[in-house]
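These features come from TrEMBL:
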- 17-75: domain 'Chromo' (DOMAIN)
- 65-75: compositional bias 'Basic and acidic residues' (COMPBIAS)
- 65-99: region 'Disordered' (REGION)
- 123-195: domain 'Chromo' (DOMAIN)
Amino acid sequence: MAETKPEEPEVMIEDEFEVEKILNERTYRGKTQYLIRWRGYEAEDDTWEPVENLDCPGIIKTWEDDKKTEEEMKTSARKKKEAESLNEDGTVKEESKYSRKRTGGTLLETIDLTTKKGFSRGLVPERIIGAATVMDRSTDDIAKSAARGEELVFLIKWENSEKADLVSSKEAKAKCPHLVFQFYEERIVWENQKNRLTPDDDQEAGTSY
């Protein structure tokens, strides 16, 4: 009778996971966790792992160094921006002489009418494409600002130029009155049809023009 060999026990081989890269970082219950992309696996298999579950000190160091460099660059950029916003005497520069205001459905961002505009650059106005009012910001006193009133400005398109400039209505009326008239003429709207007289109404009323 042949002897039977005893069956060898099955050996369970665990899957080995290798860190490909760190994608993100968070603090969970007071502990740092990294979002891990595993080598050979897809994004749907990414997992958050605490430091003690990882055996990749080099990858972690690279991540921390890159994060530190990014933070330093942001800090440097912020300080540079703050420095540019200061005058030589250390006071904060005023962003603009005028604040934005919504008028007639048009919203214009903060503007400064002291900037050199088209007329002062020798450009020829082509047409007026918009209008708005701006409020003087030279004082924080609302009462004084209201008393000073608002100024009407026109957005003027220049010949042979893609750029349009905001020009005060006073200057526009003086230098291109025909365009100002044309702008208003194109935007005349009858508020009520009853304001219009038909030929019959004209005859009955005996109105003459």
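Keep in mind that glycine also has a Cβ here, set from the backbone N, Cα and C atoms.
All TrEMBL annotations are machine predictions without curation.
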In the domain 'Chromo' (17-75), how many residues does DSSP call helix, how many strand, and how many coil? 25 helix, 22 strand, 12 coil
Long-range environment of the compositional bias 'Basic and acidic residues' (65-75) - Cβ separation under 8 angstroms, sequence gap at least 6: 25
